[in-house]
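Some notes on the structure that comes next.
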Amino acid sequence: MQVAELIEKELILIGATAIEDKLQEGVPNCIQTLSRAGIKIWVLTGDKIETAINIAYACNLLNNEMKQFIISSETDAIREVEERGDQTEIARFMKEEVKKQLKQFLDEAPQYFCSPSGPKLALVIDGKCLMYALEPSLRIMLLTLSLNCSSVVCCRVSPLQKAQVTSLVKKGARKITLSIGDGANDVSMIQAAHIGIGISGLEGMQAVMASDFAIAQFRFLEDLLLVHGRWSYIRLCKVVMYFFYKNLAFTLTQFWFTFGTGFSGQRFYDDWFQSLYNVIFTALPVVIVGLFDQDISSSLSKKYPELYKEGVRNMFFNRRIVAIWACFAVYQSLVFFYFVSLSSSTSRDSDGKMFGLWDVSTMAFTCVVVTVNLRLLMMCNSITRWHYISVGGSIIVWFVFIFVYSGIMTRFDRNDNMFWVIYVLMSTSYFYVTLLLVPVAALLGDFLYLGVQRWFFPYDYQIVQESHKDDADSINAPDSQETKEHLTPDEARSNAISQLPKEVSKHSGFAFDSPGYESFFATQFGKYVPPKAWDVARRASMKSKSKPK
C-alpha cells in the first residue's frame, strides 16, 4: 500500500477495462436441482466474503432460513493482533480462534439435527482461517463440520487451497468429488477431484484442457449428471452384472459335467464353442445395452432429480444384486445341464442311436446361447430395433457357425467329434422341443422375480415409469409438459415460440432466374405453386424483348 501511494500520484485516468464476472443463465435453477438430487455443493472462490455470500444467495446455496456458521478473519480481536505486527503472535492467535470457533460450531450443530423442523446448516470460511483449519490438528474438525452442513462457501482461497479442500473431502471423507471451474486458477482443483469439468468461458481454455469433460455453460451440468451420468451408471451396472451372469451360467454347466466324469478332465464343450462364446455369440447385445438403454426420458430425469440418489446409494451394484444374479446363473446352469442330459438319455436320433457326448453338449450350448441372449432383453428398460438385431443376429450367427463347423471336415482336424452333429440333432423332434422348453424353464425364475420385484418392491425409477407410462411423448420429447414448470422466463418464451405452428413454404425449392420456371418444375413433382403477379408481368416483358426486330 505504501508503494502504491508513492507511484500512483498525479496520474491521468484514460480508461479502464475489465471482464464482466456474473452468473450464467440457469445457474440458480441448476444448483437447486442438483441439491434435490442429494449432491452437496461447495463454493470455492477468490472473492471476498461479502461478495461470496451474495453469490451464494443468488445461486440458492444460502437462504435466510439457514443457520450460518461464519469463520472470518475480519474480526476486531484479530485486527487488534494484526496491528501489533508480530507474525508469530498473529499465527498463534488466529489458530486458537479458528479452533475455538470450530469446536463451538461442532457443539452447536447437533441441537439443530435433533429438532425435526430445524434449519439447514451452512458454513462460510475465508482463506486466512482456512489456512489454519487445514492443518493436521484441525482438519478433522473442519471436515466433520463441513459434512454436517448443507452448503459450504470458502472465500478468498488460493488455487492451492482449492485443491487442498478437494483432497480433504476426497481422501478424508472417501466421497466421490467433482470439481468445475472456468479459469486457470481452477486447474489444481479440477485435477485434484475424481472428475474434473471445465467451462469454456471468457477466462481462457486452461480449465478445459485440464478437465475430463468440457461444457459451455454451468447449467449443462444438470444434463451431464442427472441424465447422461445416471444413464451411464445404470448401463455400466447392467453390463458388468450381465457379463458375470452369462459367464457363470456357461461355466457351471461344465462344472456339473465333471461330477459325472469323476473329475477326469474330460471337456464338455468343444474348444471353438468356448473360444467364441464371449467373442461372437454373446458380445454384441451387451454392447447395445451399454449404448442405448434408458430407463426414463431425459425430461423425466430432470423433473425427478431424486432418482439420482439411487446411484449415490449404489442400489444397482451391491452384494445383494450380485447374489441374486449368481443364484439365477446357478439355477439356469442346472437346467441347461440336467434337463438336456437327462432328456437325451431317453431320446434317439433318426437312425435309432442314442445321442453321444457331442450331441448333448451341442444341444446344451445352443440352449445357453439362446437363453442368455433372451435374458438380456428382459433386463432392458427400452428396446430398440438394434436390440432385436443384435440378439437375433447373435443367435443366427451361432447357427450359421455350427452348420459350417459341423458340416466340414478337413485332414487337419484332430478328430471328427463334431462332424454332422447339428444335422443329426435337427433331424429329430427332440431338438426343437428341448430348444423351446429349456429357455422357458431357465427364464421362468427370472420372469417371476422381476414381476414380484416390480409389483411389490419397485425402484423409484419404476414408479416413475408407471406414473408416466401413458404419456405418448414421455421418452423422446425433451420439451414435454413435465419440464415446462422448471423453465426460466426466457427459456419458457423460447420454448413457446418453438411450439408455434411453422409456416409451410409454397416454393418448391428450385431457384431459377427465369420467372415461372419453379411452377413448371413443381408440377413435375406433384406440387402446386400458384403463379405470382410479378412473375406474369416479368414473363410478358421478357417475351416482348425476345421478339425479332
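Cβ atoms are placed via backbone N, Cα and C, with glycine included.
Copied over from TrEMBL:
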- Thr45, Gly46, Asp47, Arg156, Lys162, Asn185, Asp186: ATP binding site (BINDING)
- Asp182, Asp186: Mg(2+) binding site (BINDING)
- 481-491: compositional bias 'Basic and acidic residues' (COMPBIAS)
- 208-458: domain 'P-type ATPase C-terminal' (DOMAIN)
- 471-491: region 'Disordered' (REGION)
- 239-260: transmembrane segment (TRANSMEM)
- 272-292: transmembrane segment (TRANSMEM)
- 322-343: transmembrane segment (TRANSMEM)
- 355-374: transmembrane segment (TRANSMEM)
- 386-408: transmembrane segment (TRANSMEM)
- 420-444: transmembrane segment (TRANSMEM)
Cβ neighbour count (within 10 Å, all chains shown) around Gly46 (ATP binding site): 18
Separation of alpha carbons, Asp182 (Mg(2+) binding site) and Lys162 (ATP binding site) (Å): 14
Chain-internal residues, separated by at least six, CB under 8 A from Thr45 (ATP binding site): Ala52, Ile55, Val153, Cys154, Cys155, Val157
Distant-in-sequence neighbours of the transmembrane segment (272-292), which means Cβ under 8 A and at least six residues beyond its ends: 235-236, 238-239, 242-243, 246-247, 250, 361, 365, 368-369, 372-373, 376, 379-380, 382, 384, 386-387, 390-391, 393-394, 397-398, 401, 405
For the transmembrane segment (420-444): best-contacting stretch of 239-260, 322-343, 355-374, 386-408, by Cβ pairs under 8 Å: 355-374
Pairwise CA distance, Gly46 (ATP binding site) versus Asp182 (Mg(2+) binding site), rounded so that it is a whole Å: 13
Per-residue Cβ crowding (10 Å cut-off), top of binding-site residues Asp47, Asp182, Asp186: Asp186
ATP site shell beyond Thr45, Gly46, Asp47, Arg156, Lys162, Asn185, Asp186, criterion: Cβ within 8 Å of Cβ centroid: Leu44, Cys155, Val157, Ser158, Pro159
Folded-back contacts onto the transmembrane segment (322-343), same chain, C-beta under 8 angstroms, at least six residues removed: 241, 244-246, 248-253, 255-257, 260, 360, 363-364, 367-368, 371, 430, 434, 437-438, 441-443, 445-446, 449
Local Cβ density at Asn185 (ATP binding site) - other Cβ atoms counted within 10 Å: 19
Neighbouring C-beta atoms (10 Å sphere around the C-beta of Lys162 (ATP binding site)): 26
